[in-house]
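To start, the structure under review is shown below, and the notes come after it.
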Amino acid sequence: MVTTLQDSSAQVVRGPATTAPPPKRRRKGPASRRNDTWVAWLLVAPALLGFGVFFAYPMLRGVYLSFTEFHILSPPVWTGLENIQELIDDGRFWHSLGVTAYFVVLSVVLGVGVSLVTAVVLHRLGVNTTVRGLMILPFLISGVVTALVWTWMLDPQLGIVNQLITWVTGEPIMFFGSDSWAVPSLAALNVWKSMGYNAVLIFAGLQTIPATIYEAGRIDGASEWQMFRSLTLPLLRPILVMVVILNVIGSTQVFDIVQVSTKGGPADASLVLQMYIYDKAFGQFDFGYAATMSLSLFLMLVTVTFTQMRMARAGESDTS
Amino acid sequence: MNLSMKLGRGVAWGYLVVVLLVTIFPFYWIVRTALSNNFAMSTDPSSLLPVDFTWGPFKRALGLATPAEAAAEGGSGASIDLALALWNSIVYAGLLTLFTVVFSALAAYAFARLHWKGRDVVFGVLLTALMVPSVFTLLPNFVLMKDLGLLNSFGGMILPGAFFSAFNIFFLRQFMLGLSNEVEEAAIIDGAGPLRVCFRIVLPMSVAPMATLTLLTFITTWNDYFWPLLVTNDESVRPLTLALAVFKQSSPQASLDWAGLMAATLVAALPMLLLFVVFGRRLVNSIGFTGIK
């Protein structure tokens, strides 16, 4: 505070035409506060504009369109609950919901599991940043590139993975071409792409756990596994919950890897919800119904997220 | 160190090597395929080295090969204007990143360092956007772009993301809240207004987190597929990711030019790999940081 006063008096001496320094400064304070409000709104204006025009308005419009018949070229016609009735009767919608759930469960369980193990291994071995860097390589490339290279590697005739499988079992696996393998293959791609990113997130969480806790554990004679179960896991819970939520939200909206590799096939076996919505909107130009499905997807995501956060909070008591 | 611990470390190292191999092998496989002769590859599909080494696939991907040359190496008739797509990606990702980081920084400054009525309410309202997945606003935004006559233009691709990003504002505000008051107060007493403080003091002090956001936003936008798929309909503005997908889908399934496709894929991924080489460490640390906050 003293230095500030000195600075200000120096400024007063330097400052141009200041006849009565102390009152001038006192007036300056409130004056700049008044300016703040004006300037603040100016600085926030672009963000507010973007929020209003490209987020809030489209969102409300999306809710409105969910209750209309809308085919893009003519204006929407209000149909009340007709779309919702259609949704309930639409077997393909429920099928795609099931496919999405299957994909999400596989991706999240496998993805978070492998990421957790990898993060712990990286942490316990004290591996340097370069290795963690290599791990996030798949995060840097697009879903399209991921889907292309894996479609090639999993190709039934020429793909290197199937070369290996044929060499071992004698016959190739139609990864993207078979009902039973399509979704697990897509989930594997998703895990490959996101594993390193998740592992780095979890690793950062591990670094916040003080080393002294493990030393205490070791002195008490706890094994690696015991320390992992009763020290690492509980302390890591908040970040694990965050990683799970991020992955659920991300994989529920999966689209690009599906569209490039299977297009929802064979025979709808990998028709995830986002793929179906896209097909309804841009294949059949049924925008009203597509909006209804988007709305339902959104509501499901909100429910799942809140449930998970609740569970996380319920678990916090045993971590402290 | 006892035996079981040694064994444990051995297993852990083994696991790590397998994970790294699975992570990196596809990248090697892109390179290996992109340097192979597409015809010859079917005779020796499991060769770990390029089959009948050739630069042909890159020539085809970049449109430098004559039809005869392409046919001789198993290239298909389908072509991809990679240079144009690359340019489109640079414009799309570059401009969107520039706008969103600048506008987010300005807003973050107003939320973190200025005192004004309604600040916390406005901030709270903007943050609700974090809760809503993008899938829900994509379709209505498409309709909006169509109404505005912006389909198939850079304007239509960039506008929805250019002004507002809840995450970026939140991230930068967190950082700016932690800045010390002293320099700022000294400047205010020196007679600097809030704008001057913003541009001369707070933003220069926030260069590091802004660089992180620039990097993350650029990567995300570069790799984005769904939005460009909705708003573009020809190659004049189509970015790389989309061009690649269209190229694959328009090729005949039976005689796909995998070598050419992998060469194009490599060109598409190369800018990201370069970013990785230059900023890898920053990226790893920033991912960790975004998780902790």
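Even glycines carry a Cβ here, placed using N, Cα and C.
Among the features that TrEMBL reports, transmembrane segment is placed at B:12-31 (among others).
The domain 'ABC transmembrane type-1' feature in TrEMBL is assigned to B:86-279.
Sequence-distant contacts of the transmembrane segment (B:90-112), counting only residues of its own chain at least 6 positions beyond either end whose CB sits under 8 Å from a CB of the stretch, comprise 119, 122-123, 126, 154, 157-158, 161-165, 168-169, 171-173, 175-177, 179, 198, 202-203, 206, 210, 213-214, 217-218, 221-222, 228, 237, 239. Here TrEMBL flags B:90-112 (among others) as transmembrane segment.
Per TrEMBL, the feature transmembrane segment maps to B:121-144 (among others). Packing against the transmembrane segment (B:121-144) from elsewhere in the chain are residues 107, 111, 160, 164, 166-167, 169-170, 173, 226-227, 230-231: each is 6 or more residues past its ends and has a CB under 8 Å from a CB in it.
Per TrEMBL, transmembrane segment is recorded for B:150-172 (among others).
Feature annotation from TrEMBL assigns transmembrane segment to B:201-222 (among others).
The transmembrane segment feature in TrEMBL is assigned to B:258-279 (among others).
Contacts between the transmembrane segment (B:12-31) and the transmembrane segment (B:201-222): absent, as fewer than 3 C-beta pairs lie under 8 angstroms at sequence separation of six or more.
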